[in-house]
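Listed features, source TrEMBL:
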- B:136-198: domain 'CBS' (DOMAIN)
- B:200-257: domain 'CBS' (DOMAIN)
- B:285-306: transmembrane segment (TRANSMEM)
- B:312-338: transmembrane segment (TRANSMEM)
- B:359-385: transmembrane segment (TRANSMEM)
- B:391-420: transmembrane segment (TRANSMEM)
- B:432-459: transmembrane segment (TRANSMEM)
Number of protein chains: 2
Amino acid sequence: MIGTPLLPEIRELIEQRNFSALQRIFNDWMPVDLAELISDLPENEQAILFRLLQKDVATETFEYLELDSQQNLLTALTQKDVTHILNSMSADDRTALLEELPGTVVQELLKLLSFKEFKIAKTLLAYAEDSVGRLMSPDYLSVKKDWNINQVLDYVRTFGHESETLNVIYVVDDFGKLKGELLARELLLSLPEKKVSEIISEDKIITLTASQDQKDALDAFKRYDTVALPVVDSNGYLIGVVTVDDMLDVAEEEETEDIQKFGGIEALEEPYMDLSIPQLVKKRAGWLVILFIGEMLTASALAYFQDELAKAIVLATFIPLIISSGGNSGSQAATLIIRSLSLGEITIQDWWGVMRREILSGLALGGLLGLIGVFRVIIWAMILGHLTTTWIYVGVTVGVSLVGIVLFGTLTGSMLPLLLKRMGLDPATSSAPFVATLVDVTGIVIYFSVASLILGGILL
Amino acid sequence: MIGTPLLPEIRELIEQRNFSALQRIFNDWMPVDLAELISDLPENEQAILFRLLQKDVATETFEYLELDSQQNLLTALTQKDVTHILNSMSADDRTALLEELPGTVVQELLKLLSFKEFKIAKTLLAYAEDSVGRLMSPDYLSVKKDWNINQVLDYVRTFGHESETLNVIYVVDDFGKLKGELLARELLLSLPEKKVSEIISEDKIITLTASQDQKDALDAFKRYDTVALPVVDSNGYLIGVVTVDDMLDVAEEEETEDIQKFGGIEALEEPYMDLSIPQLVKKRAGWLVILFIGEMLTASALAYFQDELAKAIVLATFIPLIISSGGNSGSQAATLIIRSLSLGEITIQDWWGVMRREILSGLALGGLLGLIGVFRVIIWAMILGHLTTTWIYVGVTVGVSLVGIVLFGTLTGSMLPLLLKRMGLDPATSSAPFVATLVDVTGIVIYFSVASLILGGILL
């Protein structure tokens, strides 16, 4: 029953200005589906449709909108509507919106907030970008240890409507120090007369701090399978709560960054289609130029082997075939190791185990490609009808070089991420193109060294 | 306060066989931390420590253990303990364990289950691998529409202990047909006299089916920011529930598969270190051989241009430099487009917009590398003291070829994922090595065609 937006019908109703029919349809929709519909509309129609929504649905829908639609609505809606939305949207979503807007706009918008909301917004914006503080909501419920469950239930019914989550209720002492957490599950299962202190266990509570990196929060959520985590200050006083729904976004951003790094691009901060062409070029040019300059070493290496090349032009024919095999096996190895590192399946301490496995895998894969390579050269020579001993030697040169280069590729691809991690750098930086470039240069040296050994006195 | 396992101290206590001290320490630990500690121990010590845990903590800890530790404990623990664990662990975690064990072992273990649990386990194992059924738990709470909140609360306190989640309670009619859901939030906020029917809205409920792919479930969870989704059969009868904690694992598996495909490897089903070397080679050999055979076309292309090569050996010097630039820009473009597709930022319909952007980006990037290339050739010739008009022409050949090849690379890298998606295939298959190979062959043709044009009559 996942909402398919029915766009043609909606489009027709918009053109007929049949707002009452639209309103009836929208009543059955989830805010996330409404947000998708509105985001897909041209900017001048977004506000028209948005105004048809009921007040509470409107705020929730606004929270789901993409940033550019949110910005558009902020200018297209009346100040009254904007004031309502900004004051009623949840504090963490509001922070996410405000942090993307220019400073002057933020100042204007902050003026629309009530004094209470203004203070909250200011505090949250003061935390560093990518810190837990930016995801935090100050809307949580806290109760005392000596209350019984009935008192807690009463309190929740009275004050719970504003709370970001009711899946966890926090227990604090008289000074606001965090003492424990009461899960909705425990609250629902406990008898009304039971005291909070009988249910919670103080030792086992996991907390975040506002200045922590969002990545740490993500790790904690994954590890403890939890729906919300409390944020405390350095003295253990409860200051906010982070909920798991924000974590899926953090996870997605982290993954995107890793994937883009591995593809040899600087991480994009915006969707592909929203970037201007100069921005798009800038994000790619850096790495591309570095790789290009690195790859220039292949030209130097080949210039060094110019005499051999001149004597045996046939060697040139196999250069791309041979060096690309090293690059491909290196990319494979790098992919495996980077992913295993990020899943925690292997650590730096496992380097020797990894190396042993990659030496054996590299020999096997290199041997396989080497065999195919030898046959390729010999069968080709046979088909062209000029199979001589020389061609067999060329075939063996190609085969032996392949073993060496594939082995070198798997070793470089697997050890580079571990080395980067050891140096405190991000292993994902050992991108597929980076490994390929490293291996290309070495590949040429290996190839011509093997050729000198095998073809010395024959062709060279 | 995320648990650091304190291994040296624990190690000492194990060696002293000081079980009471260990038991005291373990009382303060979370099951997930206990599971990590036990997984890190040698196999013969795992059961010793596991037996120190309290019964309920033991089951929960067992659910968090890695598969090989679970298997080890199944053989090392007494039949009584195994029986307790298998009967009390949650149905979805049990399915995840059983599906990895050999058939004969599963048959033995199923005999240990109570009749009720046996039926549940059999049913869940009957669903296809990677289907929602395998993640589903039949332990949910369902209530009727005409109950009031007080009745629901009473019902939850009595029967809720076994339920997989209490964050959502389902509303069914007298025949078990799903009619709505009651969130813990709504339950906690509503006045005790209010009827369930006044709270729920029947239209807006999102459901899964047991035969659906787990990936669909993941998409629904992401889209609707929810903690649990009901599973219904084809007639709308409620048969189980899937909770969000299982989704982080599904997400991780999907990501790993995508990343490995992009790196040019068949998706591994097990952690890197658990695979035998032959398995590791097998997963990589397929793609590597396909790419190798594809890359053989470069040798054919170069053989075709043999006369040109013989006349101008200097052209050979720049082959790796030039073709790798195409591969690198292609990998970048493929990374961008594959990720944007999987995030839903672009769709196939956007192909023209993407192509336009990539043509402009490709020209800009190619122009940049081309300029650097021209300078490289000319400055190098100057340094070596043999700068002639010929070298300037060679420089221009390199520069112009780079523009063409980088442009071709970005176009191939960006259009191939869209084409694969259009054909109903997985865009992630357009791996970095695959794009690089495609571009290498074309790169040689472009390079020598440009050379014929520019150097015709001079060198060629």
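Cβ from N, Cα, C; glycine included.
Those TrEMBL annotations? Automatic predictions, nothing curated.
Looking at which of B:285-306, B:359-385, B:432-459 has the most CB pairs under 8 Å to the transmembrane segment (B:391-420), the answer is the stretch B:359-385.
Looking just at the domain 'CBS' (B:200-257), the mean pLDDT is 85. Among residues of the same chain six or more beyond the transmembrane segment (B:432-459), those with a C-beta under 8 A of the stretch's C-beta atoms are 262-264, 287, 291, 294-295, 297-298, 301-302, 305, 308, 311-312, 314-315, 318-319, 322-324, 326-328, 330-331, 333-335, 389-390, 393-394, 396-397, 400-401, 404-405, 408-409, 412-413, 416. For the domain 'CBS' (B:136-198), residue counts in helix, strand and coil come to 23 helix, 17 strand, 23 coil, using DSSP.
Across the domain 'CBS' (B:200-257), the DSSP tally of helix, strand and coil residues reads 24 helix, 15 strand, 19 coil.
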